[in-house]
Amino acid sequence: MSYSTRQREAILNTLRRADRPLTAQEIRAGANHDSAGIGLATVYRALKTFMARNEVLQVEIPGNPPCYEPADRGHHHHAVCEQCRQVFDLPGCVQGLDALVPHNFRVQRHDITLYGVCAGCDAAAAG
């Protein structure tokens, strides 16, 4: 396995192990545990390749840097901590959205983001 392939595998494994979408900086930090010396430019090049192959999705949350997650996780939504800006996965999809759609309107896709405070920030504020 070549050096480049080992680095890409480390990047992909970091994303697969994560329980939430990660920024490029978080991916770099995690991947360097598996394959030392991975730079941020390498992470971005690998992410571009993975997205072109539909292996990785970019999660865009206004006010946050782009995050990335494996594409095979199925349709789901996200929650954002308004203090630390960390993005979390929500399992599944909200039910009953059809009842909210105006008559004569066809939904092609949707994305729901919840905003609040994560447990870590909440505990830090409490004490």
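Residue 1 is the first one shown; counting continues down the chain.
Cβ atoms are placed via backbone N, Cα and C, with glycine included.
In TrEMBL, annotation is done automatically, which means it is predicted and not curated.
Quick look at what TrEMBL lists:
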type	residues	note
BINDING	His75, His110	Fe cation binding site
BINDING	Cys81, Cys84, Cys118, Cys121	Zn(2+) binding site
For the C-alpha pair, I'd like the distance in angstrom between Cys118 (Zn(2+) binding site) and His75 (Fe cation binding site), rounded off. 22
Using DSSP and three states only, what is Cys121 (Zn(2+) binding site)? helix
Rounded Cα distance, in Å, between His110 (Fe cation binding site) and Cys84 (Zn(2+) binding site) is 25
One should report the C-alpha separation between His75 (Fe cation binding site) and Cys81 (Zn(2+) binding site), rounded to whole angstrom, as 21
Among all protein chains shown, how many Cβ atoms are found within 10 Å of the Cβ of Cys84 (Zn(2+) binding site), not counting that one? 11
Note: in the chain of Cys81 (Zn(2+) binding site), residues six or more apart in sequence with C-beta under 8 angstroms of its C-beta are Phe88, Gly116, Val117, Cys118, Gly120, Cys121
Give the three-state DSSP assignment (helix, strand or coil) for His75 (Fe cation binding site). coil
